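To keep things clear, I will list the structure first and then write my remarks on it.
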Amino acid sequence: MTNIRKTHPLAKIINNSLIDLPAPSNISAWWNFGSLLGTCLILQILTGLFLAMHYTSDTTTAFSSVAHICRDVNYGWIIRYMHANGASMFFICLFLHVGRGLYYGSYMFPETWNTGIILLFATMATAFMGYVLPWGQMSFWGATVITNLLSAIPYIGTSLVEWIWGGFSVDKATLTRFFAFHFILPFIILALATIHLLFLHETGSNNPSGIPSNSDKIPFHPYYTIKDILGALLLALMLMMLVLFSPDLLGDPDNYTPANPLNTPPHIKPEWYFLFAYAILRSIPNKLGGVLALVLSILILAIIPLLHTSKQRSMMFRPLSQCLFWLLVADLLTLTWIGGQPAEHPFITIGQLASILYFTLLLILMPIASIIENNLLKW
């Protein structure tokens, strides 16, 4: 008799995705981040659910309801900080996951790559709206500044912003709808992640060499289940160190001041994981130009497969491309630093140079480097 695992309609799906899945024998720890992102998502949904049981999405009580969660709810403080820092861990995993895809040429699976880009946008939208919910100073002003960017869209901009706000400023209606969207989006992300995985399993995983590995596959369980569990334990260790030792390390002190529309904080800045995009936005003096650059800084990922000029898929054996890749990483770290600095000299100039370098690397230098490498190998 065949094992129920292989015959039952539901068990069969799980079996083919997590147990008997043929996986390349040489995938490194950089392939752990998919499962870690799944772990983060489940953690965020669970902690978020428990927070939603005690949170009130009303401008008069939102701030105090978060304080109530931290002070009066049993283990409310740990749930709140796991949720806040869980978002940071989520984005660390996301950036590493995307970076892995760029380095090893995983973008050559277009469906998987494109659903991944949609997932990235959905996650960024969710995180932004979540940051507004505690209704501190940075929540309020962050929401005001970022939503106001849409007013740069010609003709419909102003109407669009007022439609999103539900009034003439960020107020009760805005907070209520942001809470509703923040609650529903993770479930949409979960559905998109399932589609992402479905597309991945159509082609099978890529591997560090970028060479098809059909001739050398091993079962996912036990080899990669144990590897994923180790990854999850390390993720949990990092998260709990953040939560228990320095829960406010990545937050903004201004968010411990209740939202006040009459008092603007000296430096309005988003959470650390948006700073690179914020720096690109600020480096262009024109409002519409800045908004376009902001969107394109992420949307540029969609044309990466079209810019692939190399005869090899992975960067593993391409030293010139490797140098440019790590230059891109350094550039993104520079942009992240600049995004957190006030908009004054010399930070403005550094931000502009880093923004130019970011787009130049992806659109011009990396494709040229690939062509040079092809010629060096006489291909």
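Each residue, glycine too, has its Cβ placed from N, Cα and C.
According to Swiss-Prot, the feature heme b b562 binding site maps to H83, H182, an assignment based on similarity to another entry. Sequence annotations record features per position, and here Swiss-Prot assigns heme b b566 binding site to H97, H196. Sequence annotations record features per position, and here Swiss-Prot assigns ubiquinone binding site to H201. Annotated transmembrane segment per Swiss-Prot: 33-53, 77-98, 113-133, 178-198, 226-246, 288-308, 320-340, 347-367, in sequence order, evidence recorded as similarity to another entry.
When the C-alpha distances from the residue listed as 'ubiquinone binding site' to the binding-site residues H83, H97, H182 are tabulated, the minimum falls on H97.
Of the candidate ranges 33-53, 226-246, 288-308, 288-308 contributes the most Cβ pairs within a distance under 8 Å of the transmembrane segment (113-133). Same-chain residues at least 6 positions away in sequence with a Cβ under 8 Å from that of H83 (heme b b562 binding site) are, in sequence order, Q44, T47, G48, L51.
For H97 (heme b b566 binding site) paired with H182 (heme b b562 binding site), the C-alpha to C-alpha distance reads 23 Å.
Remote same-chain partners of the transmembrane segment (347-367), defined as residues 6 or more beyond its termini with a Cβ less than 8 Å from a stretch Cβ, comprise 279-280, 282-284, 293, 296-297, 300, 304, 307-309, 321, 324-325, 327-328, 331-332, 334-335, 338-339, 341.
The stretch with the most CB contacts under 8 Å to the transmembrane segment (226-246), chosen from 33-53, 77-98, 178-198, 288-308, is 77-98. The Cβ of H196 (heme b b566 binding site) lies under 8 Å from the Cβ of T112, T115, G116, L119, each of these being in the same chain and 6 or more residues away along the sequence.
Same-chain residues lying 6+ beyond the ends of the transmembrane segment (178-198) with a Cβ under 8 Å from its Cβ atoms: 17, 34, 37-38, 41, 44-45, 48, 52, 55, 57, 112, 115-116, 118-119, 122-123, 125-126, 129-130, 132-133, 143. Per-site Cβ counts within 10 Å over the binding-site residues H97, H201 peak at H97.
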